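Asks: What follows is a single structure, and I will ask about it in a moment.
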């Protein structure tokens, strides 16, 4: 390394080729114990020298160490590419997060910063597994320091580290140019170049490299305001008006006295410019591919007077090492030139709320001189504070709103305040120069001596004995203490002078006068710009925000579009009026939103885009060899944006009209076309409006209306009068029209005029791109490459309790995204993108497996991860500052679930293109329930499955696969059954509150008490009997009575009056099954064919139902005499399928789902279906049949479903509402 000002002229010698092996050598395992150093140790068994990967112990600091660190001295400089860590062997000690510092010296450090400005590296999750972090850019260092940030605390765990660094010796790896070589010559002419240079400096501006040629070829590498600019020209020509100068920019805040690595690679016109980890690629302007340079290349500055100078760029001041120009080591040549000039300036970082720097001063001097440099992103912060001697007051320099504020405090007087500078919180170095004496103070910012701030108010200066920079200490009990209302300063300072004496930073750190860091770790978080879609980035010390105004996007990084993707999407959202709308066909994709006209219809929305060829364009003087080419320029949208609209629409059309006077068009039937149009993908099309695609015909040929039937176009007849060929082009994949080519208007009197109508499209083929999964399978799509931000949206519906919707990962599962349904109400977004496995879970108040469509949106970026469903609020997980998100996947996207339509980063995935019936992937989302061979019977609910369906019979009185099996009982003489509906009556307060609010106090009957639904079937030969009786805690009751003559009556009492209805006069005591169904809604009772009305004065509620009796009424209390008259000797026979609202007493008796069902029986009551109709035995799928046995590899073919049973004598009383 050479550390000096380089102002030299070097001969450009030529090329040489060197090879290099892979740079992955382990560097720590072979070091001696003396190479390890730590802030402390737990005991001698946990010393720093035990911190080697796969070692038998590990390093742990003392429990009282507030700022632990582990340091490794590699002995020489190495190029480092990766680090690996473990916890302490056989323990609960490991570090889960840490920061890595590196440097050439043990007192000057640079933090390693990952992509996105994150300096926190992920660590271990147990003691034995190795966590390897590969640096996204290699760096050079002799010393490495590890700072633990988080560690395991469970089971008594503490900090524990074993580590290994991987790299190779620095200085042995040369740029690999290739096999080409050129002999030395006076001038250099190259097709490819490879430049490499390492530098560090404190200056914002400086010229690093420069060379030029007589033909205008130039290569210049210069530093401007802390950024690197590469100017390259492969030649310019004033004759042909060719300006070949191309400028590339990379890096930021490169004047931080840390090493930066620059590589320039060129092949022909393509240039790759790399600074540290940032690479910029460009194609050189002009048409030349060789770089022709003179014999001299200047490194560090152009100093010869007879060479064109760069007047605005000073010569470089700083350190250079390993400068290679096409394989030539320039530094070896430079060592024999200028004497060395060392740089002694060392910046200080104030990063935390407790950082400050306290330095001594000369006591009681009548003059004060303070000078320093600073840089920061924060708007406010204390720069310097000092208290005067003899209690004369104090002086404060602070940063406020980007200005330097000077405040002078005097006892008993009003404080004096002044401000200087403008926008000084821009992250660049700024100089503050303060000079003061009695009644006069001068403040100069950035050495602008022409306009210093002068303060001439009366005050007295007697310097104090100490100065505080960056903040005030917590323990501040001295007489001349530091007092301020400003925040602590966040930023860097350097070159601090007190009374014209420069501070020795090393000496101050040794004496521990303050808390700060001896390195400059200011990070420019806005380069490259993390804000997408041209969002404006502004930053603070440890974070950034994106301003998305006027971009058309929103979100933390301006990723999500604020507009809909099409006019159809606006229509479906409820926008039914025509007008101008802004659409964004690719949503969060790279294309910009643009304005269109939406013509809204009740069933579709037309999108209309105008252009500059809507009015007719006249054409003359064109030939087939030199044709006229008319470009179609669409308004408000680029060609890519218009193409995206057409690509996502269901249908598009565009009118095209060619009017001719002795001017041929397609030259049909067999000639070479004179005219044609160019559409999508720059493809030429030789058919005209109104014709089929690729048939070389016009619309008149299809309609058989051409002027001359020998030709396929009117204009091809070549008559001396005006004709036209026109019609709609409607093949969407060829549209829109991009150009019109006309080539037969050069003959005498030949003339043509063409018109292209606006592009009109409707529909959105991504609105309903839907499939169903009916088997345990999945589909794949190409790997998702989202960059640093991702958004996913889809619709789904299902009955499943849990599943995985989609997943994308890499081979080692170190990076993955997954969206899954954990439970019926929990939707989880699980990811691992740089800092372990994390998730954000949305807990829905309603079940999501209700077979209704739900819309899911998920987003992740460097700021947060979030997910939402339907109109529920976002579930958000915010990331800490400096988070780095790595979404580099290698596996295909896996999608597998029932009913889903999907977009990822605005790009719709064609799900219907993956339809495969054999694999169980169907178009649309109908499921098995809609097309069930045998539907669920008796009001059973159909539950979707992968390849079949099931029937939920819980709310019915039936059983079986299709809810088709009756559950009945046989009652002997004197036997009865009671089902208890409620154990106690409903209080008046609860009934009133429930009438006002049905959800009051979580009280609910489980059904609507203003409606009743009763159904059952029976068979008997004996009369009379009470078939069914429902009692209450009041006088209300419902009874179905089989009278002596076999007829059936219904008795209803709601309130004061008992109502009697005859359901049938026929004799039903004939031994055959009969079915009865009775329904009531408010005051209307409906049965077939009877419709009765209860008087309005009566209550419409069946209050406090108590018990339901079958066989015989055994209720205690006052019973209607008509019930008593028919109650003896009781029902003898069969009764089946009994249900009252949600209660099924026989099912509770014979199929109990609780340990103590509310059922009481007396006498002989046995299960029987003698009172039911002949059951329908439907086909049971083999996977649900416990008796199914596979024979060989063949699956038995299920029998066809049996025909429905023959009609029996049945009586139906059923509500038809």
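All residue numbers here begin at 1 and follow the chain in the order shown.
Keep in mind that glycine also has a Cβ here, set from the backbone N, Cα and C atoms.
When I checked TrEMBL for this same protein, it listed these features:
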COMPBIAS  1196-1208  compositional bias 'Pro residues'
DOMAIN    23-168  domain 'F5/8 type C'
DOMAIN    170-349  domain 'Laminin G'
DOMAIN    346-526  domain 'Laminin G'
DOMAIN    522-559  domain 'EGF-like'
DOMAIN    558-617  domain 'Fibrinogen C-terminal'
DOMAIN    768-936  domain 'Laminin G'
DOMAIN    926-964  domain 'EGF-like'
DOMAIN    987-1170  domain 'Laminin G'
REGION    1193-1217  region 'Disordered'
SIGNAL    1-20  signal peptide
Asks: Let me spell it out: take the domain 'EGF-like' (522-559), skip the flanking residues so only those 6+ beyond its ends count, and list any with a Cβ under 8 Å from a Cβ in it.
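Replies: Residues 113, 116-117, 119, 227, 251-253, 256, 278, 349, 351, 375-378, 427, 490-492, 582, 584, 588, 592-593, 788-789, 791, 859, 861-864, 881-882.
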Asks: Do you know the mean pLDDT across the domain 'Laminin G' (346-526)?
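Replies: Mean per-residue confidence for the domain 'Laminin G' (346-526): 83 out of 100.
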Asks: Taking pairs 6 or more apart in sequence, does the count of Cβ pairs under 8 Å between the domain 'Laminin G' (768-936) and the domain 'F5/8 type C' (23-168) hit 3 or more?
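Replies: They are in contact.
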Asks: Take the domain 'Fibrinogen C-terminal' (558-617) and count its residues per DSSP category (helix H/G/I, strand E/B, coil), listing them in that order.
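Replies: Within the domain 'Fibrinogen C-terminal' (558-617) the tally stands at 6 helix, 22 strand, 32 coil.
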Asks: For the domain 'F5/8 type C' (23-168), DSSP counts of helix, strand and coil?
Replies: 15 helix, 70 strand, 61 coil
